[in-house]
Amino acid sequence: MTTGFLQKIFGSRNQRLVKQYQKTVATINALETQIEKLTDDQLRGKTGEFRQRIAAGESLDKLLPEAFAVCREASRRVLKMRHFDVQMIGGMVLHYGKIAEMRTGEGKTLVATLAAYLNALAGRGVHVVTVNDYLAQRDAEWMGRLYNFLGLSVGINLSGMEHDQKQAAYAADITYGTNNEFGFDYLRDNMVYETDARVQRPLNFAVVDEVDSILIDEARTPLIISGQAEDHTELYVRMNALPPLLERQIGEEKADGTGVEKPGDYTLDEKGRQVFLTESGHEKAERMLAEWGLIGDGESLYAPQNITLMHHVYAALRAHTLFHRDQHYVVQNGEVIIVDEFTGRLMPGRRWSDGLHQAVEAKEHVKIQSENQTLASITFQNYFRMYAKLSGMTGTADTEAYEFNEIYGLETVVIPTNRPPKRIDKQDQIYKTAKERYDAVIRDIRECYERGQPVLVGTTSIENSELLSHLLKQAGLPHEVLNAKQHAREAAIVAEAGRPKRVTIATNMAGRGTDIVLGGNVEKQAAFIEADEAIPADEKARRIQQLHDEWETLHEQVKTAGGLHIIGTERHESRRIDNQLRGRAGRQGDPGSSRFYLSLEDPLLRIFAGDRVRAIMDRLKMPEGEAIEAGIVTRSIESAQRKVEARNFDIRKQLLEYDDVSNDQRKVIYQQRNELLEAHDIAETIGAMRHGVISEVVRQFVPAGSIEEQWDLPELEETLRNDWQLDLAIQEMVNESSSINADEILDAVTTAADEHYEAKVALVGRESFSAFERSIMLQTLDRLWREHLAALDHLRQGIHLRGYAQKNPKQEYKREAFELFAAMLDAVKQEVTRIVMNVQIQSPEQLEEAAEQIEEQGGQLGNVEFQHADFAAAAAASAGGAVVADATAEMVGHAMSHSGPAGEVPRVGRNDPCPCGSGKKYKHCHGKLS
């Protein structure tokens, strides 16, 4: 109450920030007449002048008013678009490293040019991040005209580009690309063997378009580069026969033995999207597997040798019970293609991990592709936090403002609209059944159609969009369907969605990033005519002119009919997705309206709010076909959505806390890789490793400070001869000297090892041997890091069970992950020293052959894939608690095939705390390796 009172007096933080930025806008506007007088060459010359001033020490903040004024004027001349004052505020918000929430149609693409131009002047690169290749290419070409006019270079970073094209794209002042591609390039850069094979520069400044989609919706799904692992095709086929033999149990058994309405073999947790075998289910599964010869008679699924079978059983169960065709995936050309749960788009090439995709392929009887082994991975949360400055834009960020601030340290600023919004958001209507709801939707669509008002109908799945399409056909209402299956026609459908009497059905936010213009998008329609080679040139000109002539009439006709009407056929789990759907109407002060039609059979209501709403309907004795339209019900639904949002936030936060452990270790490994790549000679590092390893070997047989009776010299001699190629008569040495001690024996062995090493170097030359050492070091580090990632995944899967032993799973995970990491670094030292000491060479050519053989034995895996995949079963484990276990199946991920790397990792000072979490100084912990 006090806060509200103070806000009335002083205004909210958002209002104060906007007011502060408006003062800067006034300064920019005052410069406008002066900038307008400049010739094109003088305007272009301003870029060089700004760069000189930056080199002389002037800050970007001080340059901002003049740079923004120059960018606005250049845009007016080149693009025929002048930035509005509110767009200038948006540009400032981006420059100061915040998130700008701007309504649909307010020109976010143009806003990005202000911050991108100003920050590109420093010469350290700017990344503009979009959600798909189409938008990256469109924006780079469209806004590239403005940047090129001002003397800046623009690059496009697309999947499948050649290595030199990528290097050129990143070397440009401003680089457009997708979030996936930027992340994969970072991982690839940290897998290279030569410094000039990298493509990225240090990560400086990023402007993330649709920031909510990238930093929140996709935050739970890491980017993974993987290679093919062992083939289990036959096992997936056999396991696919199991789920149809099992029956679902209805109801959960309570402590007193009640609660089960119908006994069965497995239970479904719809809220957490999990499946669990019951006791009878385990027994039946074990019996069936024994019949098929997969386990021994009387053996348990939980026996150590059957743990992998358990994984396959659950993968098959999840595929049959939680993942449905035309909702979570489609089958096209003999492949299972994932449907993005947030946009409704198809994602060809992407795959679910943890065996789930193979289980779905077995279910659909298509070719089963091999499982993968992780080579490198990172989450978007940890990738984007590496930028020196991060900012973003979206139409809907305010509901997630807390998460942006908590996870990324980004403040959200709501930018005022250029014109007052005129959209009318009507109360939700709730029906008892889905049939009644669809009847009401058809009635509403018919009314709009008859008065010439365009309608956009939002659905939550392909299945629902096709059901509604079928109902509209029966009702005789012409319409277009915009879902993943019509991806190729998407732009054409969206371009005409604002014309009178147009009815468009869209899954989630298909078509996001493209405005629906009342009366139709003339530019888009004209572009389609221009691209059609079958139409003669004079006919093209006539048709385009006709389009422009018609548009004014159509635009006024649609405005009079009420503008674009949005119909939501279901509430999403997140209020933000609902707001995105509503936001398609009422752009730039146009009229518009929206309404959601719900039924008690919808998952959100059934799981979270159904009982309360059903009780209200029963109390009111609602007849069939009648709807509730009341604020109390809408608030009840929003409360349910808030619960889901809070739960999803907890999931993402928990996952981040677990991923931070591997992220800290990743920083150490990648920093050491970079140091190895950049070092001309690593003899000193190899020498320190050799001395450490030899010391450990000697101390096993001759402990420090021990007496002669405790020494095992024959065993030491044999170990040095067999494992380290050192033929030393240590027993003779001891017999000849009565006063020799343990330290002197160590010195003698170390000296012999150094001489053995120097003899190899002398044979082939320092330069050749140094290149060999670097190659061995990198290959060994990469191979053991891959194995370490697999070990971390394995650890994560079972760590939540520590909670039953009254231990904190998170602390246990950190402790064991640190122990695994320390063991991995020790293994690197042992392995590299062993190879260098044992390699037999007489010439530089033999040295190259040896390096190639070692690479073949333990080097890269073939068929590398780039995945945006889920933690799946690991997710439940990863969180060590109900929150993340609930969300295991929600972390549906995606996997992408691309070809061919990254920002430098922030340096860790020698005296700084080691990022692995041990509490030691870096030089005494993982800095020892470097």
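Any Cβ shown, glycine's included, is placed from N, Cα and C.
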### Message
Among Q87, Q137, which residue shares the ATP site with G105, E106, G107, K108, T109, D515 according to Swiss-Prot?
### Response
Q87
### Task
Among the binding-site residues listed here (E106, D515), identify the one with the smallest other-Cβ count within 10 Å.
D515
### Query
Sequence gap of 6 or more, C-beta under 8 Å: which same-chain residues meet both conditions with respect to G107 (ATP binding site)?
M81, H83, F84, Q87
### Message
Need the DSSP three-state call for Q87 (ATP binding site) to compare against my parser.
### Response
helix
### Message
List the residues in the vicinity of the ATP site, defined as same-chain residues other than Q87, G105, E106, G107, K108, T109, D515 with C-beta within 8 angstroms of the site's C-beta centre.
### Response
M102, T104, L110, V111
### Task
Compile a sequence-ordered list of residues in the same chain as T109 (ATP binding site), six or more apart from it, whose Cβ lies below 8 A from its Cβ; state 'none' when nothing qualifies.
D139, W142, M143, D209
### Farthest-apart CA atoms of Q87, G105, E106, G107, K108, T109, D515, residues recorded for ATP, distance in Å
17
### Task
Tell me the Cβ neighbour count for K108 (ATP binding site), meaning other Cβ atoms within 10 Å of its Cβ, over all protein chains shown.
25
